[in-house]
Amino acid sequence: MKAFTSLLCGLGLSTTLAKAISLQRPLGLDKDVLLQAAEKFGLDLDLDHLLKELDSNVLDAWAQIEHLYPNQVMSLETSTKPKFPEAIKTKKDWDFVVKNDAIENYQLRVNKIKDPKILGIDPNVTQYTGYLDVEDEDKHFFFWTFESRNDPAKDPVILWLNGGPGCSSLTGLFFELGPSSIGPDLKPIGNPYSWNSNATVIFLDQPVNVGFSYSGSSGVSNTVAAGKDVYNFLELFFDQFPEYVNKGQDFHIAGESYAGHYIPVFASEILSHKDRNFNLTSVLIGNGLTDPLTQYNYYEPMACGEGGEPSVLPSEECSAMEDSLERCLGLIESCYDSQSVWSCVPATIYCNNAQLAPYQRTGRNVYDIRKDCEGGNLCYPTLQDIDDYLNQDYVKEAVGAEVDHYESCNFDINRNFLFAGDWMKPYHTAVTDLLNQDLPILVYAGDKDFICNWLGNKAWTDVLPWKYDEEFASQKVRNWTASITDEVAGEVKSYKHFTYLRVFNGGHMVPFDVPENALSMVNEWIHGGFSL
């Protein structure tokens, strides 16, 4: 069995999860495990009340967690270790320091990159970097903005968010959709299909302690808490750069993976502020985790030959996944009903053991079912090149980074979100609210991804309740022809302002696998009336 570590929509699993089969065996619960967990979660616990509230399925799962990992609960860490800066730059080191009396305790520090040729990344494009500071909580979020190559005074703006939770959006910049990738010699390689071809793109490292972001505190461990920070970042950003929005330019949020959690919540937070200084025009969610209760039905079909690729698992493994599914879904339902850490944590651990670990143990790439995991950093050795590039002193100096060491993903953040119960929560309900407010939404999915696969994404969009759900469900899937390549590049289903797109030959990171078609998708969406 090949040993490696991978993100599962961000979750770091190890090969110790090979014990998953024993989760089928009922065990007695030592009540101390709940008391210990409560202490670690920082929760007051009325044990007798809790035992009455939790159903037997959830209690059995806690018992099995204790049985499989007897030392884990006692040693459990549920907060991020502080990430301290190498050196705080003084006010005079920044071109702009932006505050707003209506947003207490927040400020934005901004620098224009004086000579982009030093970095070799889109040298003819204006670039800004900086930090959002949450002063009373000692949180500092890093961002990097690239103006449109076309007409920044008129083109729309896109905020890009990578998932994880805990992965830097600079991964999106250098690995997927930004102006350059990084070669093995640590030299930038220009990307003709960058999303800033026709839009200004902001890459934001969030939540705190991700990428070049940092905090002297433990940061956040759930999606809702992160939403306020992102909204305030945008308010201050557009205070400083009103030229990006004051002529009626559109603003969009796009992201992938765990951003299927982030984006619905962040968009809801934005729309709740009627006096905001920018207009949220649409959102785009790529290979996201949004409705686990629906999506977890589709790991076995995707792994076992029903997603368009041959099965990667033997029949007995497929049968074991089928056998464990009913219990997995029952645990997710309990999480949906209570949205309590006590129900949601065991749902995540049990279901990821039962539905995801069998595939991972094969050594295949969870982000692309056609490939083996190449080892190294998250199955793609190129990600290590990105880390090495960003850790060079001249790069950190040029972008104003205050953190000594950059890492593409912070697995502590991932763990914190899991143990806050965030993973299995029903964020698709926020999508319902957004659609009912007439916000255009594009859900796209590369069809070679396993971990947030197209089968599950199509399924949840098909059953999502909203004001035109019957009309959407009745629409036929049709071919989508990409404008740049003029080839049939996917299948699309759309009604009014809701669109689902299956992207052929794309993995988890669609812009990495099919860059021309990804840019076609974005251009057609943001410049073509929010339909494909």
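Every residue gets a Cβ built from N, Cα and C, even glycine.
Under the heading motif 'Vacuolar targeting signal', Swiss-Prot lists 24-27. Residues or ranges marked as N-linked glycosylation site in Swiss-Prot (evidence: experimental evidence): Asn124, Asn198, Asn279, Asn479. Summarising the annotation, Swiss-Prot assigns disulfide bond to Cys167-Cys409, Cys304-Cys318, Cys328-Cys351, Cys335-Cys344, Cys373-Cys379 and lists experimental evidence as the type of evidence. Look at Swiss-Prot and you will find Cys452, Met509 tagged as substrate binding site, backed by a curator's inference.
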(request) Averaged across the motif 'Vacuolar targeting signal' (24-27), what pLDDT does the model get? Just tell me the whole number, please. (result) 33
(message) For Asn479 (N-linked glycosylation site), which of the three DSSP-derived states applies: helix, strand, or coil?
(response) strand
(request) Please classify the secondary structure at Cys344 (disulfide bond) using three-state DSSP. (result) helix
(message) To the nearest Å, how far is the Cα of Cys409 (disulfide bond) from the Cα of Asn279 (N-linked glycosylation site)?
(response) 31
(message) Distance check, please: Cα of Asn479 (N-linked glycosylation site) against Cα of Cys328 (disulfide bond), rounded to an integer number of angstrom.
(response) 34
(message) Rank aside, I only need the closest one: which of the recorded positions Cys167, Asn198, Cys304, Cys318, Cys344 has its C-alpha nearest to that of Cys351 (disulfide bond)?
(response) Cys344
(request) From the recorded positions Asn279, Cys304, Cys335, Met509, pick the residue whose C-alpha lies nearest to the C-alpha of Cys373 (disulfide bond). (result) Met509
(message) Just to confirm: which same-chain residues, 6+ apart in sequence, have a Cβ under 8 Å from the Cβ of Asn124 (N-linked glycosylation site)?
(response) Pro116, Arg149
(request) Take the C-alpha atoms of Cys452 (substrate binding site) and Cys304 (disulfide bond) and report the distance between them in angstrom, rounded. (result) 15
(request) Given the recorded positions Asn198, Asn279, Cys335, Cys344, Cys379, state which is nearest to Cys304 (disulfide bond) when distance is taken between Cα atoms. (result) Cys379
(request) Take the Cβ of Asn279 (N-linked glycosylation site) and count every other Cβ within 10 Å, whichever protein chain it belongs to. (result) 12
(message) At 10 angstroms around each C-beta, which of the disulfide-bonded residues Cys167, Cys351, Cys379 has the fewest other C-beta atoms nearby?
(response) Cys379
(message) Taking only same-chain residues 6+ apart in sequence, whose CB is under 8 Å from that of Cys344 (disulfide bond), what do you get?
(response) Cys335, Ser338, Gly421, Asp422, Trp423, Met424, Lys425
(request) Please report how many Å separate the Cα atom of Asn198 (N-linked glycosylation site) from that of Cys318 (disulfide bond), as a whole number. (result) 45
(message) Check the DSSP secondary structure of Cys409 (disulfide bond), expressed as helix, strand or coil.
(response) strand
